[in-house]
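Peer 1: Okay, these came from TrEMBL:
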type	residues	note
DOMAIN	71-183	domain '3-dehydroquinate synthase N-terminal'
BINDING	G109, V110, I111, G112, D113, T133, T134, K146, K155	NAD(+) binding site
DOMAIN	185-334	domain '3-dehydroquinate synthase C-terminal'
BINDING	E188, H251, H273	Zn(2+) binding site
Amino acid sequence: MTAMHTVEIGGDAPYAVRIAPGLLDDDATLVAPLRGRHALLVSDANVAPLYADRVEAALRRARPGLGIARFVMPAGEHEKTLARFGECLDALAGLGATRDATVIALGGGVIGDLAGFAAACWMRGIDVVQLPTTLLAMVDSSVGGKTAVDLPSGKNLVGAFHPPRAVIADTTALRTLPDRELRAGLAEVVKYGAIFDAGFLDWLESRVDALLARDDAAIAEAVARSCRYKADVVERDPFEHGDRALLNFGHTFGHAIETEQGYAGATGDGLNHGEAVAVGMVLAARLSARQGLAPAADADRLQALLERFGLPVALPAGLDPHALLARMRLDKKADARGLRFILWDRAGAARVVRDVPDAAVLDALGG
Ligand code: NAD
Ligand code: ZN
């Protein structure tokens, strides 16, 4: 039996992340954060048939009088829209949700972001409980309080900071996750080691097989440690005025790749987010080495670990370095003084570096 990991997240609205196998059937854990008489279970068409009945049954066992409704939407990033957000609010209205109602987000980051934003807005803010079912959602999107939907003009352009009331991660839910989604989440796990702790990279190097096999104990520890790294930086800088930006290691390059490919990851015609971040982290590490900041051996080590997880580590063929550079200039992370990157001094020690010359960036991109 794998013990439950609990990560306490501090700040103005503290909450706990609980991680263990079997939590989606655990009446007491699921019902503990619910305050009122109503709950809206939000999920997508892939996840709901797998897990929604179990969650609903556990809630009904634990609190027989609870009014529960479901809002199940089609899966995918292109559904993270204002229109679906509006439908989710309509479902809250249909439920007769009052200020003490709870939104329960059962799914990956798309569901967590959209349901969290609906909770942030309904009656100016009600509780959301996150039940993440992708590794990415467990280690990243369910923690930290950012919620959002996309607009046709860009990702995550409308949203709010709205911390969850609780996060409950059942590691067994990952057994049904497609391999590619698992690997995407592992890229974000590696990211925490790259930014904050070379010792965590050692730990990951010794557990590649267990993590790829979705071993509950290995996954639970990886999730707990990742949440702790994210929590520490979010507690220091909840609104991303400073250190929280470190979490964007690999993301300036990664976003440029995703945008340049037209977010074709879902169809297999391009990299998904985690894959793009894997490539982006290697590029950031190479750029750090070329700028004389960090040893090239650390970039080699990062690349080797990502490769063992089955992640891409080089720019996909056909992407033009100059086009990527132009994308990065447009990215909101580029400020007036020039391109700003998260680079590292060595594995486990990242920092913000401003005014990185275009020539160095193009060099790292191989252009
Ligand atoms: P996702 O929610 O689209 O899930 C990926 C796919 O896996 C979907 O098709 C989903 O239906 C399916 N799925 C989910 N759980 C499953 C399971 N257990 N078994 C089988 N299939 C399952 O994508 P994601 O990678 O979880 O999240 C990406 C989103 O997260 C993006 O919209 C991104 O902007 C957001 N995000 C937010 C934050 C934040 O801080 N709020 C941080 C990182 C990412
Ligand atoms: Zn990311």
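Glycine is treated like the rest: Cβ placed from N, Cα and C.
Computed from a predicted structure; not experimentally measured.
Tell me about the surroundings of these features in the structure.
Peer 2: Model confidence over the domain '3-dehydroquinate synthase N-terminal' (71-183) is summarised by a mean pLDDT of 97.
In the three-state DSSP reading, K155 (NAD(+) binding site) counts as strand.
DSSP gives H273 (Zn(2+) binding site) a helix state. Sequence-distant contacts of H273 (Zn(2+) binding site), defined as residues of its own chain at least six apart whose C-beta falls under 8 angstroms from its C-beta, comprise L136, A184, G254, E258, G265.
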Peer 1: For ligand 1, which among the binding-site residues D113, E188, H251 have a CB under 6 Å from it?
Peer 2: D113
Peer 1: Between D113 (NAD(+) binding site) and H251 (Zn(2+) binding site), how far is it from one CA atom to the other, in Å?
Peer 2: 18
Peer 1: Given the recorded Zn(2+) site (E188, H251, H273), which additional residues of the same chain have their Cβ within 8 Å of the Cβ centre, ordered by sequence?
Peer 2: L136, D140, A184, A187, K191, G250, G254, G274, A276, V277, G280
Peer 1: Could you give the Cα-Cα distance between G109 (NAD(+) binding site) and E188 (Zn(2+) binding site), in whole Å?
Peer 2: 13
Peer 1: Fewest other Cβ atoms within 10 Å: which of the binding-site residues K155, H251 wins that one? Let me know.
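Peer 2: Across K155, H251, these binding-site residues, the one with fewest Cβ atoms within 10 Å is K155.
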